[in-house]
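Working notes, beginning with the structure itself.
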Ligand SMILES: Nc1nc2c(ncn2[C@@H]2O[C@H](COP(=O)(O)OP(=O)(O)OP(=O)(O)O)[C@@H](O)[C@H]2O)c(=O)[nH]1
Ligand SMILES: [Mg+2]
């Protein structure tokens, strides 16, 4: 074989390799970000919402210790959906699913937020400040569930309560981050020197109310679909 044949063969092999890599990366990218994560503390209504989204019906639930996974069809589009348990010992395992997360639906019980604002804010803070959530600009929908109850707080009030709680948490958490800066585990949320506001977060972030009990989840379905 002369030199020019060798060069031609090398070029052909390189081009083939490049095409394979491109096709594979396109395919895996498309495949890998198709999952909607349902997060939130215990009793928020994640499994109830998951069941209603997937099967169009309400079923009685027990507190989850393991995630539920399945497919969801909303007007001709299919999504993978994962309902993660809210128990405090396992709720942070959601990070394992971030590589495949297309969006995050963060569920809150609007009737108990007065008592639980600290744990809800801690969890939401953790999610929003994750470098992977920030880098990939994963959209987050905060769902204020149980709006059928007379004791449910209005969405705007919930937003303000969480803003001020996250603001409080931020000062303590930032101090902790500065101690261990080399392994960046969380990003600073919002603007330095300014009170925290959800609008300071770069991700698409929205609040809606819903009631799984009354099968009133249209806003959630619309958001997931778009
Ligand atoms: N009134 C009312 N109750 C609801 C609603 N959605 C869920 N619930 C009730 O809230 C309780 C908790 O619901 P789950 O779906 O099991 O809560 P979860 O978020 O999956 O809780 P964990 O699995 O412990 O993390 C159940 O008794 C549900 O029937 C709602 O829209 N309105
Ligand atoms: Mg559950």
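Placement of Cβ uses the backbone N, Cα and C atoms for every residue, glycine included.
A TrEMBL annotation is a machine prediction, not a hand-curated record.
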Listed in TrEMBL for the GTP site shared with 40, 41, 42, 43, 44, 45, 46, 47, 145, 146, 147, 148, one of 70, 86, 190: 86
Collapsed DSSP category at residue 64 (Mg(2+) binding site): coil
Spatial neighbour of residue 64 (Mg(2+) binding site) that is closest, considering only the binding-site residues 40, 146, 148 and their CA atoms: 40
Separation of alpha carbons, residue 47 (Mg(2+) binding site) and residue 40 (GTP binding site) (Å): 10
